[in-house]
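What follows is one structure encoded as structure tokens, with my remarks underneath.
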Amino acid sequence: MAALGIHKDFLMEFARLEKPVQKRVHEVFDKFQEHRHAGLHLEKLERARDPRIRTIRINQSMRGVVLAPESGDSFLLLKVMRHDDAIDWAVKHRATVNSATQGIELRNDVALERATAGVQALASAAPGDAAPLFAHVSDKDLTRLGIDAELLPLIRHLSDEAHLDASHKVLPEQQYDVLAGLAAGMEPEDVWREVVLVQLEQVSPPTSPQLTIASNGDAPTPSAGQDGLSAAMARSQGRIALVSGSDELTEILSRPFDAWRVFLHPSQRKVAYRPSYKGPARVIGGPGTGKTVVALHRAFHLARQLPADAPDESILLTTFTRDLAADLRGNLELLIPDAQMRAKIRVVNVDALANQIVREDRGAPLAIVTRQKEITARWERIARQLGVDFTGVFLDQEWRHVILAQDLRSPEAYLKASRSGRGTPLGPLKRAQVWRAIEAFTKELRQAGEWTFLQVCAEAARILEEQGGERPYRHVVIDEAQDLHPTQWRLLRALVAPGPDDLFLAGDTYQRIYGNKVSLRSLGISVTGRSTRLRINYRTTQEILTWSTALLTGERIDDMDGGDESLTGYRSAFHGAPPQTQGSSSKTEELAGLVAQIEDWTRVEVSPHEIGVAVRYIQLGKDIAHALEQAGVPATVLGAAPGTGDGVRVGTMHRMKGLEFRCMAVAGVNDGVVPMRGAITAEEVDPQQHREDLLAELSLLFVACTRARDALRVSWHGDPSPFLNMVAAL
Ligand SMILES: Nc1ncnc2c1ncn2[C@@H]1O[C@H](COP(=O)(O)OP(=O)(O)OP(=O)(O)O)[C@@H](O)[C@H]1O
């Protein structure tokens, strides 16, 4: 049986080709099963380091590079390039099999030899005092992790991480992954488990999306009878997609930019396509590590596992906001072209779902009080009327973080409740006063027929619990889990019966921006032993990641499960320019500099819609959009009154959550604005809440900065935000 593999690089290069050339590439490889027998015109090259690497004519100027062994029926599309570049690439490269994972790796022999000679010459000319980067790892361990003897002379001379990064291009990718893990401080045993074993475990995956994208059928698994190349291709998931036929080739090539549909990293695939979890499971990881991608694939996997008679919308895929839910819906369409299969998954944000449950129960629409300012003002008025000495902010926080969070329904329950997480102790008398204020506040809402969002969630959970019986969903998949309030968790818990594959969560507590802290265990959701961390960032360059991570260094962040989170070991798959920081003396000057930068970006072929601008408050965003429009650059303010929807996307930092942009500017990062003075509880009111609020503001800046793919610019006018002190030394 002929097998065709597509290397990730091939798809990336294909994506950048003009449409007619793409069409031609498609024609050349379409019906590859028949062609192979008829003999694809694969040309051998003289002087090639690897005689199995051949080229094929696409058109006058472009050639494909293909790995095609002498015997056997399989071939692998490696590159598609301009004629001379393709020949040059093809003669210098060699395909080998990694000794640990048995997957295919590619190496540029010529560059590798040159780099090795270079470091050796340098080391003998100027021997340094410092220990080499991998002095602590034995040859035996390196070999066990798949580092081959040929590479050791180079690796043993690497002096630091920057040196390793500089060698990235000449190292075979799997071996680089191993070395990057060791350089980040991981023990060889951890690298074995997280980098090598995940790959080995997938030698015979039960099913994989790359094989089922078009057919949704089961994947052929490599067997001993197939030739070595096809087995090695199957062991290279994450880099090579196996294609089962012409339809599947068409499907993959139809959306080449969306590589996440096809190429999951083994660590992502392992989580998403695990046949079953005994109970709630979750994926964690820093920004851009593909948590949303994994959540989408998990939903797909669960949909495929449903029994044939399962009704539509048996699975819920949910998240925090309506905008994020809309993004998930769009991406699900890309991942699952089959509309019938897609119909098994309902995508809706938690609040909208809660609203629907309560609305249907009452038979009437609900009036929701959405504006936080109005809610605080009501608390202030009630405190005055009752003559109690609490601020509106304090009462609102006590209601949300203690009473609603623990679902306290009586003054007795509140009197006994733990208030851990709150910084001001409250004796019985004070608690009685708070309870009176809460009764007055909720009574007023009830009489006006009004609700807050959290009340709606609490009510929806209560309705489901009281109904008992069958739960509305078989599986619930949750993205941006770090921001959900305990009330929302109680609703999610009530939506699905406890059992295998009930809940699947994706989240990152470093990105918590709404101050909703939870302990999953206390909510009856135990993920112990079913939590996996992703470490490779696919969005942001290493330079932007290092800079942004420094903002949060030293902060203690919980992991929602009784432990602490850590940012160690994260790394990016790309490199680029370091972030720029720019201070100005006035707002006018800052805006002029920002507009000039955006104009520069658009001059180097970045489309306006690939540029994002994040600000802490919307008015500044409107001013920036206005300044851009005046300079002739189209701009849209996200979430504002309907505009054209084109151009540079300008929005609040909150609104940027979950989005990404090729070039990102974070503007107005001034003292007093970031953190926003009004959003921070005074230390005298509640010292613990004060710290939590500061942390949420810091996370907000972190979220905004990590939306950048290639370029990040952070600017301010007047005094810079004190948060920037943490990165000033970088
Ligand atoms: N295996 C992959 N191959 C190629 N691209 C990937 C892969 N995994 C993720 N990506 C891409 O990386 C980017 C980040 O992915 P995603 O949004 O899922 O990350 P995330 O962890 O949810 O990020 P955040 O927490 O910052 O919102 C997206 O553009 C996604 O398409």
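Heads up, the Cβ atoms here are built off N, Cα and C, so glycines get one too.
TrEMBL does not curate its annotations; it predicts them automatically.
Annotated features, as they stand in TrEMBL:
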- Gly285, Gly286, Pro287, Gly288, Thr289, Gly290, Lys291, Thr292: ATP binding site (BINDING)
- 206-215: compositional bias 'Polar residues' (COMPBIAS)
- 264-573: domain 'UvrD-like helicase ATP-binding' (DOMAIN)
- 206-230: region 'Disordered' (REGION)
Under DSSP, is Gly285 (ATP binding site) part of a helix or a strand, or is it coil? strand
On the domain 'UvrD-like helicase ATP-binding' (264-573), the mean of the pLDDT values is 93
Counting other CB atoms within 10 Å of each candidate's CB, the least crowded of the binding-site residues Thr289, Thr292 is Thr292
Residues other than Gly285, Gly286, Pro287, Gly288, Thr289, Gly290, Lys291, Thr292 within 8 Å, Cβ to Cβ centroid, of the ATP site? Asp508, Leu534, Asn537, Tyr538, Arg539
Would you say which of the binding-site residues Gly285, Gly286, Gly288, Gly290 has the most Cβ atoms within 10 Å of its own Cβ? Gly286
DSSP output for Thr292 (ATP binding site) maps to helix
Write out the long-range same-chain contacts of Lys291 (ATP binding site), meaning residues 6 or more apart in sequence whose Cβ is under 8 Å from its Cβ. Val283, Ile284, Gly285, Asp479, Ala506, Gly507, Asp508, Leu534
For Pro287 (ATP binding site): intrachain residues, at least 6 apart, with Cβ closer than 8 Å: Asp508, Tyr510, Gln511, Asn537, Arg539, Thr540, Leu545, Ser548, Phe702, Val703, Thr706
